[in-house]
Amino acid sequence: MASMDNNRDEEEPFVAAAASVDNSETLRNHTKDIHILSSAFLLIFLAYGAAQNLETTLNTKDDMGTISLGILYVSFTFFSLIASSAVRFMGSKNAVLLGTSGYWLFIAANLKPTWYTMVPASLYLGFAASVIWVGQGTYLTSTARSQARDYHLHEGTVIGNFNGEFWGMFAGHQFVGNLISLAILRNGTEGSTSGTTLLFTVFLCSMSLGTVLMCFLSKRVDGGEEGPKDSSVSLCSSLTSLSKSVITPLLDVRMLLIIPLIAYSGLQQAFVWAEFTKEIVTPALGVSGVGGSMAVYGAFDTICSLTAGRLTSGIFSITWIVSAGLFLQAVVFLWILLKYSLTSGVLGIVYPLLMAAMLGIGDGVINTQLSALLGILFKHDTEGAFAQLKVWQSASIAVVFFINPYMSLQVMVAIMLAALFVAAGGFLVLSLRIEKAFSSPS
């Protein structure tokens, strides 16, 4: 008997060591997937983001660049309505892989920009963008929940940390991509065919590398993801699933209170891409300066995304972080509306860069916290929640691109301020409702 006890005692360290190895492997698998996902999106969007920033500047004939982006985001809005069903059918890994094809084709179309290449590419990218972003939100949240469950960690903190890493890396696309465009299009070559051809060729190579990297993601089956289904699923079942993913979230008061903030997040991004670069940066720094200013925007976006993700632990922290980001952007809008004027000298260079930094801080905060908030509040319908995020974001972006040619800078800024205050009000009401629900006795 004593011998058996001794044998058991001798075996226990090996069992514990084996369990430790298994746990460390699991940890590496979860974090590895976030590293891969973040790096792949950086490679893909450093190309797309820089191209989008230049779209309204390079393709100016008949406003082809602006209209193409408007078509893209209308398509994005429509397909976001069915994206959650598509992601459930394909699985989130397959969804993000398929989504990369639309970005690749859009960049390829810019090598020969005509109405016959840009419009079809924009329409298809709308579909691809809807599935890649719903797939990304579902995949990241599922990975974070697996990490929290396996290691008995606070779920909100893990979701915040993973979103911080992803959005920090993602925000870096503005910095890296715009530095590349600045380097290639320097010395006034932004209008030359050779300069733009080289730029978009480099972007295609970056996107191809990002797509290959995504192939190494692990498949996920939790967090509401069901993976590919049998093709015999009935049409009635598909329509029921679609109706549930589109309508059901809108019956939730929490979603209704978040939607103004979601819409504002799209508006402020489109304002930077379409209005800020054209009306503030270009007059002060020239077309080639767009890349530099957006690099500053991306750098601060990255830093604040990483920082905000690390500070996120739950609804209370999200409330304070979002409020700080909205306040900074409100300062920029009031500055433009009341005080800003084009000046010469050093201040003429510093002012647009300072505004870009403040807008980047706000964008990093809002993106990180919105994703974390949806992951925390909508555990049982992750795909539907992220589909709503992209429906309202893309719709608001499309609105800006279509009304941009007909609105003055002052009118656009006034609209931005009004949207900001509505978003802040809805978000604060949501925070108070959640706090009251948690503080009330059960």
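Placement of Cβ uses the backbone N, Cα and C atoms for every residue, glycine included.
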### Query
TrEMBL lists transmembrane segment for one of the ranges 64-83, 124-143; which is that range?
64-83
### Query
Which range, 6-25, 166-185, does TrEMBL list as transmembrane segment?
166-185
### Query
For the transmembrane segment (280-300), which stretch among 34-52, 95-111, 253-274, 349-377 has the most Cβ pairs under 8 A?
349-377
### Task
With Cβ distances under 8 Å as the criterion, find the stretch in 34-52, 166-185, 253-274, 312-337, 413-432 that has the most pairs with the transmembrane segment (349-377).
312-337
#### Entry: Touch test for the transmembrane segment (197-217) and the transmembrane segment (253-274), at least 3 Cβ pairs under 8 Å
no
#### Entry: Contact call for the transmembrane segment (166-185) and the transmembrane segment (34-52): at least 3 Cβ pairs under 8 Å, seq gap 6+
yes
### Task
With a Cβ cut-off under 8 Å, give me the same-chain residues at least six positions beyond the ends of the transmembrane segment (64-83) that come close to it.
52, 55-58, 106, 113, 115, 118-119, 121-127, 129-131, 133-134, 242, 246, 270, 273-274, 383, 387, 390-391, 394-395, 397-398, 401-402, 404-405
## Note on the structure
Tertiary contacts of the transmembrane segment (312-337), defined by C-beta under 8 angstroms and 6+ residue spacing from its ends, are 154, 156-157, 159-161, 163-164, 261, 268, 280, 304, 355, 358-359, 361-366, 368-369, 372-373, 376, 409-410, 413-414, 416-417, 420, 423-424, 427-428, 431, 434-435
